[in-house]
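Enquirer: Below you'll find the structure I mean.
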Amino acid sequence: MDLNQMTTKTQEAIMSAQSLAVSHHHQEVDTVHLLFTLLEEQDGLAVRIFQKMNVDIEALKQGAEGLIKKKPSVTGSGAEAGKLYITGALQQLLVRAGKEAEKLQDDYISVEHVLLAFTEEKGDINQLFTRFHITKDNLLQSLMTVRGNQRVTSQNPEATYEALEKYGRDLVAEVRAGKIDPVIGRDSEIRRVIRILSRKTKNNPVLIGEPGVGKTAIVEGLAQRIVKKDVPEGLKDRTIFALDMSALVAGAKFRGEFEERLQAVLNEIKKSEGRILLFIDELHTIVGAGKTEGAMDAGNMLKPMLARGELHCIGATTLDEYRKYIEKDPALERRFQQVLAEEPTVEDTISILRGLKERFEIYHGVNIHDRAIVAASVLSDRYISDRFLPDKAIDLVDEACATIRTEIDSMPTELDEVTRRIMQLEIEEAALGKEKDFGSQERLKTLQRELSDLKEVASGMRAKWEKEKEDIHKVRDLREHLERLRRELEEAEGNYDLNKAAELRHGKIPAIEKELKEAEEMGAHNKQENRLLREEVSEEEIADIVSRWTGIPVAKLVEGEREKLLRLEQILSERVIGQEEAVSLVSDAVLRARAGIKDPNRPIGSFIFLGPTGVGKTELAKTLAQSLFDSEEQMIRIDMSEYMEKHAVSRLIGAPPGYVGYEEGGQLTEAVRRKPYSVILLDEIEKAHPEVFNILLQMLDDGRITDSQGRTVDFKNTVIIMTSNIGSAHLLDGLEDDGSIKEESRELVMGQLRGHFRPEFLNRVDEIILFKPLTTNEIKGIVDKIVKELQGRLADRHITVELTDAAKEFVVEAGFDPMYGARPLKRYVQRQVETKLARELIASTITDNSHVVVDVENNELVVHVK
């Protein structure tokens, strides 16, 4: 036989048969080797044809394997290595296969011709085929359903058989099988798609919209309507095939192979005479798909059929990709009719989630509260700004359900703690068993008593946990069964099988519903007892997931955090001394935000801190970050002195297209995208170029900035603090005797501020806070704070440091300058106190666990160790 007259798959099967014979130490390749290799290929044509005939493939394969084992094997010195003979039976089989190819007017001998030749085989294979009722007639019948009226004109024809099943999914069949979730709403878009599909020409809708708004769901909704026959007469009995472009392209090694596959798909659709609607998700992938030098891409192959109306195609793609790929090819674009899929509102999303609720409950085996559904829609809309409804809300519910599900499957915390304690005591028991002294024996007895008690508790808890798990799984299984029966009822009613419908509606379904109700009531009764497992998804779980995703504290305040927030003003005052007004205004803004009564479309608070250097402006921002997030690292600090040139503005929001660094994003916008809940400190704003403030206007008013990539960055959960030294000279000179700022000084400072910044900028700031110069008493408090920080650094060596009143007076006198604030004081303590301590520590005069007193003698600071 000429191998060139065989298809690639037949050649591969013969080669595999040779390898099989060698592995079994056979001297010849026979028909049974070839049969076994054809059955070995899972996705092969032989397997597909036998599946159509309802043949048990595994049993047939075992039968063939049994025949192979009967063959004599030759090993040892008598075996001729590398020599294989083809039996006369196999040669005759291939000759018969050639005749079958001629009968079917095919150019090459394909796998189906070999199978037809097997049906005329005598001996063991004939008996095997008879056992499985495989005859030439029923084989030909199955072959026609797989192959249709195609001829074998190439060496790889198997790739073009059942092309749609191989390279696509039947959405209507999936709906019937209950694999697709229900589609709620979207009626106007589905109606528009139906109208376009009912046109004579250009009947190809393309769904365009943002990612996650439900474009694919609209097509699934159409498939559900087709199943329910809730479509016009022209669309009844249609089927929707979702084309998998990646499967089409994958493995197409040679030129023309991709085109051959796609042509096979298109021919099947053409032959269906409009019965098949082709759905291409990510439509932009057809532009350039399979394009190599001199070849056509998928888009150009589709155009003629689209224009003639031979191909009903539904596309779906995002706005950006439609603009980038489809609009650039006007000939392709004009063949599609646009259907814009808008993002649903929060109310619509709540309806969608209510429709999906039962599917999630069945899948995860949990109960979802309606409050959780409302929370998922509202919180995702407010806090997750870079994604779209309903996708982000569905993800929240799904993850919250998964969290509860993993808790159900994992060991409860209480039981885990008891089990670990038992393990710990068992280790101790083994160790004490080796000791012979009286004390160890007494401890062993006590330990064994405790161990037996704990084991009893653990076994009780384990039994309770298993029972609770069993109850939850029982409810889940009943729900799944009920859903299956409802699907069967729908199918029976659709097929007018009234007997089956009556049996389901009045017999099986009420019985399962009754059983489910009893199981749920039992579960509700058990819930009143102290349960180990929880199966409810509430708004707290949703809020936890939002907090985990975004870092924004959305969950209800726990007691510790509530106390911390109420004491926020006091906490800030401990670190920022002498600036009561500033501390009060900032803490009030944070309280309003956490109580949920702030304007949701503006930042938590925006402040301008004015005052001389070293009075606590930057320190307050750091303290706020530390108090809210337990870390000063959560503060986004931008030194505005770096933005003195006009072009430096682009560094905040990213370079415009065409400039170096366009892909990198802006320093401010990228930082906030990663930490949406943070304190933003714009230090020394008067140093920045006036153009910078134009960018800040939207941030202060609407809580958002659009960066150079066109992404909207959300500032609604940030505290914006801007510091400036404007008017500090007036503040230094204009103090009352009680330390407050004179009214005329305040007016002078505000006048200078208005002269430097535009009214539209100042008008958007919540509060302009004047920091007053520090008085001597406040400076003493700062000295205490500096010493406390020093003690913190020495805490691991258990060394305490104390300054006498005289030493404090001396430090204040020598180190404080009203013009420079508290910073010189810190430097003075560093130079005079810390240096002396360091010298004594290195000399080992001060040892661990010492108490150090700093005093004044002969007009200088001295260190005494006690």
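Cβ atoms are placed via backbone N, Cα and C, with glycine included.
Summarising the annotation, Swiss-Prot assigns ATP 1 binding site to G209, E210, P211, G212, V213, G214, K215, T216 and lists similarity to another entry as the type of evidence. According to Swiss-Prot, the feature ATP 2 binding site maps to G611, P612, T613, G614, V615, G616, K617, T618, an assignment based on similarity to another entry. The annotation coiled coil is assigned in Swiss-Prot to 394-528 on the grounds of similarity to another entry. The domain 'Clp R' annotation in Swiss-Prot covers 3-149. The region 'Repeat 1' feature in Swiss-Prot is assigned to 6-71. As annotated by Swiss-Prot, region 'Repeat 2' applies to 86-149. Look at Swiss-Prot and you will find 162-343 tagged as region 'NBD1', backed by similarity to another entry. Marked as region 'Linker' by Swiss-Prot on the basis of similarity to another entry: 344-551. The annotation region 'NBD2' is assigned in Swiss-Prot to 561-773 on the grounds of similarity to another entry. Per Swiss-Prot, the feature region 'C-terminal' maps to 774-866.
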Enquirer: Which residues, same chain and not among G209, E210, P211, G212, V213, G214, K215, T216, have a CB within 8 angstroms of the centroid of the CB atoms at the recorded ATP 1 site?
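Expert: Neighbours found: A217, T318, A341, E343, F388, D391.
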Enquirer: When you average the Cβ positions of G611, P612, T613, G614, V615, G616, K617, T618 for the ATP 2 site, which other residues in that chain have a Cβ within 8 Å of that mean position?
Expert: F609, E619, T723, N725, F771, G821, A822
Enquirer: So what's the average pLDDT for the region 'NBD2' (561-773)?
Expert: 79
Enquirer: Which of the binding-site residues G214, K215, T216 has its Cα nearest to the Cα of G614 (ATP 2 binding site)?
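Expert: Checking each of G214, K215, T216 against G614 (ATP 2 binding site), the shortest Cα distance is to G214.
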Enquirer: When secondary structure is assigned with DSSP, how many helix, strand and coil residues does the region 'Repeat 1' (6-71) contain?
Expert: 48 helix, 3 strand, 15 coil
Enquirer: Distance check, please: Cα of G209 (ATP 1 binding site) against Cα of T613 (ATP 2 binding site), rounded to an integer number of angstrom.
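Expert: With distance taken Cα to Cα, T613 (ATP 2 binding site) is 52 Å from G209 (ATP 1 binding site).
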Enquirer: Using Cα coordinates, what distance in whole Å links G611 (ATP 2 binding site) and T216 (ATP 1 binding site)?
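Expert: Distance (Cα to Cα, whole Å): 58 Å.
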Enquirer: Let me make sure I understand the structure: which of the binding-site residues listed (T216, T613, T618) has the fewest other Cβ atoms within 10 A of its Cβ?
Expert: T613
Enquirer: Would you kindly give the Cα-Cα distance separating T618 (ATP 2 binding site) and V213 (ATP 1 binding site), rounded to the nearest Å?
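Expert: It is 43 Å, counting Cα to Cα.
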Enquirer: Including all protein chains displayed, how many Cβ atoms other than that of V615 (ATP 2 binding site) lie within 10 Å of its Cβ?
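Expert: Taking all protein chains shown, V615 (ATP 2 binding site) has 29 Cβ neighbours within 10 Å.
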Enquirer: Can you tell me how far the Cα of K617 (ATP 2 binding site) sits from the Cα of G212 (ATP 1 binding site), in Å?
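Expert: Computed Cα spacing between K617 (ATP 2 binding site) and G212 (ATP 1 binding site) is 44 Å.
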Enquirer: Quick check: of the binding-site residues listed here (P612, V615, G616, T618), which one has the Cα closest to that of G212 (ATP 1 binding site)?
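Expert: Comparing Cα positions, the closest of these binding-site residues turns out to be T618.
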Enquirer: For E210 (ATP 1 binding site), which of the binding-site residues P612, T613, V615, G616, T618 has the nearest Cα in space?
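Expert: Given the candidates P612, T613, V615, G616, T618, the nearest one is T618.
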Enquirer: Given the binding-site residues P612, T613, V615, G616, T618, which one's Cα is the least distant from that of T216 (ATP 1 binding site)?
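Expert: Of all the candidates listed, T618 is nearest in space.
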Enquirer: Find, among the binding-site residues listed as G209, G212, G214, G611, G616, the one whose Cβ has the highest number of other Cβ atoms within 10 Å in the structure shown.
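Expert: When each Cβ's neighbours within 10 Å are tallied, G214 leads.
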Enquirer: Could you state the CA-to-CA distance between G214 (ATP 1 binding site) and P612 (ATP 2 binding site) to the nearest Å?
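Expert: About 56 Å separates the two Cα atoms.
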Enquirer: Compute the C-alpha separation of V615 (ATP 2 binding site) from P211 (ATP 1 binding site), stating it in Å without decimals.
Expert: 49
